[in-house]
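As given in TrEMBL:
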DOMAIN    B:36-553  domain 'Cytochrome oxidase subunit I profile'
TRANSMEM  B:12-35  transmembrane segment
TRANSMEM  B:56-76  transmembrane segment
TRANSMEM  B:96-121  transmembrane segment
TRANSMEM  B:133-156  transmembrane segment
TRANSMEM  B:183-209  transmembrane segment
TRANSMEM  B:221-249  transmembrane segment
TRANSMEM  B:269-292  transmembrane segment
TRANSMEM  B:332-355  transmembrane segment
TRANSMEM  B:412-434  transmembrane segment
TRANSMEM  B:446-468  transmembrane segment
TRANSMEM  B:488-511  transmembrane segment
TRANSMEM  B:587-620  transmembrane segment
Amino acid sequence: MAESKKRVPMNHVIGFILSLVMTLVAAWAAIQSDLPVTWVIIGIMILALLQAGVQLFMFMHVTEASSGNGHVPWNMMFHGFALAGILVAGSLFVMSFGHDHGDHGDMGDMEQQEEQHSEDHSGH
Amino acid sequence: MHITDILVTGEPIIYGAMVSMALGGLAILFVLTYFKKWKWLWREWLTSVDHKKIGVMYILSALLMLFRGGVDAMMMRVQLAFPDLGFLNSQHYNEIFTTHGTIMIIFMAMPFLIGLMNIIVPLQIGARDFAFPYLNALSFWSFFFGMALFNISFVIGGSPDAGWTSYTPLSGAAMSPGPGQNFYLMGLQLSGIGTLATGINLMVTILKMRAPGMKLFHMPIFTWSTLVTCFIIVFAFPILTVALALLTIDRIFGAQFFTLTGEGLPMMWANLFWMWGHPEVYIVILPAFGIFSEVIATFAKKRLFGYNVMVWSMIVIALLSFLVWVHHFFTMGAGAFVNSVFSVSTMLIAVPTGVKIFNWLATLYKSKIEFTVPMLWSLAFIPSFILGGVTGVMLGMAAADYQFHNSYFLIAHFHYVLIAGTVFACFAGLVFWYPKMFGHKMNERLGRWAFWLFFFGFHVCFFPQYFLGLDGMPRRLFITNVAEWLPLNVISTVGAVGMALGFVVFVYNVYYSFRYSERETTGDSWNGNGRTLEWATTTPVPYYNFATVPYVDEIDPYVRMKEEGKTTFEEDEVKPIHMPSYTGQPFIFMALLGLASFGLIFEWMYLAVFGLIGGVVMMIRRSFDYDDGYYVSVEEIKETEKKARGL
C-alpha cells in the first residue's frame, strides 16, 4: 500500500484540465469552426493522439517500474489495437456489403464507392 | 407539463402494476420504519464496499429482475396461446418483448453472474476484497440505478418498443418518438458504466491479488472463466457505450449517424450492436461454464478433467467471440463472401465448446456422482445446452439462416443456450455457494421440486418452438391465430407455466430455508467435498475473509490443506489486516447520474445538467479523498476466528 500524503496531485489536475481543453477544442473544431473538412479531421486525429498520451502518461502507469517497466500496459495496448483493427477493418468489410461490380479487385471498387460517398457528402 | 403527460394511462394491466408497485413500495417503507431499520440499511448495505454484501445485493436485484422478465414472458405466452382473448394490444406486446429481452440479458443474467463472481472470486484466490472496493460499490449502484430507470419506463413515459436489439431506423427519433427508446439508451448506458468498471476491477483483482504461490494455471476454473470474461467485457463494452452514445446524440440532439435521410448508415447500428452483442452472450456463458466446472468437479469428487485444455478453450472462445458478429444479421443482404467468412468463424466456435463438453463428460466418467441440487442443474445443462449448440451451428450456415432468421427456430435456439446455459448455472451456482453467503443450505427436497419443474417446463416450453419456427412463425409476432401454430403455442405456454412454478418454489425455498434449514457449523459445506479456497474459510465468512492467506502451488489447494490439517487461521502468523472503509459516496454519485439520465430521457436539460454537475462534484470529492481504510487488530481477528471455529 503506497503511502498517500495529503497534497494536491498536481500532475493529475494538469492532466485533467488538459484533457478537458483538448476535448473542447475538438468539439469547437467540428461544430463551430470554418476550417475545411480535411483540416478538421486531421486536427481531431492529432488531438485524439495527444489525448491518449495524456491519459497514458499522466493518469495510467505506462512508465511505472512496478508494471514491468510498462510491459503490462503495452501488452494490454496491443490487445486494444488488435481489437480496434478488427472493429474498423471488420466494419468497413461488412458495411461494404461485399458487393463487387466487376470481375476483379473488389478492394479498388470499395475505395471508389467510398470516394463517391465522400463526394456526395461535400456536395451536400 | 401535466402529470398525465408522463404517466402511462389507459391500460388496465399497467394500472394494476402501478397499484401493486405503490403498495409494495409503501410496504417496504413501513417495514423499514416500523422495525427502525433505516440506519441499519444505510450502514450495513447502502454504504458497503464489502464484496460479499455487494454480491448479495447483485443477486437479489437479479432475482427481482428474473421475476419482472418472467412476468413479461408469461404475458407474451398468454397472448400467444389465446390470441383471440385480446389480452394485450400490439403496442403493449411490442413493449413487453423489448423489456423482456433487455431485462433478462442486461439486468438479470449479467448481474446474477457478476454477483456470484463478486462473492466467490476473492474467496477462491485468497484475496480480502476487490482491488478497488470503492469502484466495486460504484459499479453496483450504477447497475442498480440503470435498472431502476429502465424499469420505471412502463409506468412513466412508456417502455421502449423496438426490440432488445433496438435496430435503427426503427429506434431512431423519426419512427420512435417520445421517451420510450431513451429509457433503453440511458438505462443501458448507466448500467454499462458499472459493468465496464467491474470488468477492470475483477481483472486487476485476479491478476494482482492472488494468494502467494498461486500461478495463473493454479487458479480455480471459475476464477479463470471470470478473468476471460473480464477481458471480453473490457474490450466489448466500449463498443456498446459508443453505439448507445451515438444513438442518444441522434435522438436527443438531432444528429444523423443512423438515419437514411441524413446520409447515416442504419445498418451500422446493427453492426456495432452485434460487435458488442456477440461477445456479450459469451460474457454470460463463460462464467456459467466456470460454475458448471466447479460443481461437476466437486460432486464427481475428482480433479476437473483436462484443466489446461478447459482454460485454453475458454481463451479461444473469447478470441473467436469478436470474429463472428455478422451471423446475427446474415440477411442484411451482404454478399456471399462476407457471409461465408462469418459462417466459417461461427462454426469454429463449436470446436472449443465441444472440447469443454467432452471434458465435463470425462470428469464424470467412472466417478461417484453425488446427486445434489447444484449437480442436477449441472447435469441437466449438458444435454440441454447441446440441443441449443447444435441448432446454433444450423443457424450459423448463412444460406440456411435465410430460412431460420427471425423465426421461432432462432427463439428456441437462444433460449436453449441462455436458459440451459446461463440460467441453469445461476441456479446451480446460487444453490452451491448459498451456504457460503447465508450460513445455511437451501432445502434439498424443495430444491429438487424447483429443479424438475423448471427443467421439464423449460423443455416443454422451448422444444416446440423449434417446430413453430420451421412452420414459419416469425418472432415478435402479435397476431398468431393461425390454426397450424396454435397447438404448439398452447403446449409452449404450458411449459412456461411449469417454469414459473419452478421459480415460485425456488423463491419459497429461500424463505423456507431461512426459517428451517440447519445452520452450517463448518466452512466446507458439501460433506467436506470442497476443493478450492472458498471452502477453507469459516461460515459465515468473516469480513476480512482470510485471517492468514495460505500458500498455494497447485489447483484444488484445499484438498491438500485438509490432508495436512492446515487452515486459513494459523494463529502465530496473524498480522493486522488492512481493510477499506465503508462510504456512501458511490450511492450518492450514481443517484445523481441516475437523475441526469432521467433528465436526458425526457429531454429536461436543466435536470440533466444539474445531475451531471453533481456527478462531477462527486468525482472531485473522490479525487481528494484521503481515507486509506483501517487496520483490523490481531486480537479482534483471533477472537473472531476462535468463535467461528469453535476453538
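Indices start at 1 and increase along the chain as displayed.
Placed from the backbone N, Cα and C atoms, the Cβ positions cover glycine too.
TrEMBL labels come from automatic prediction, so no person has curated them.
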Next on the checklist: Using Cβ atoms and a strict cutoff of less than 8 Å, what residues sit near the transmembrane segment (B:183-209) while being 6 or more residues removed from its termini?
Outcome noted: 98, 102, 106-107, 110, 114, 117, 121-122, 125, 127, 130-132, 135-136, 138-143, 145-147, 149-150, 153, 157, 159-160, 162, 166, 171, 219, 223, 226-227, 229-231, 233-234, 237-238, 240-241, 244-245, 247-248, 251, 590, 593-594, 597-598, 600-601
Item to check | Mean of the pLDDT scores, which run from 0 to 100, over the domain 'Cytochrome oxidase subunit I profile' (B:36-553) | outcome: 94
Next on the checklist: Is the transmembrane segment (B:56-76) in contact with the transmembrane segment (B:488-511), using at least 3 Cβ pairs under 8 Å (sequence separation of 6 or more) as the test?
Outcome noted: yes
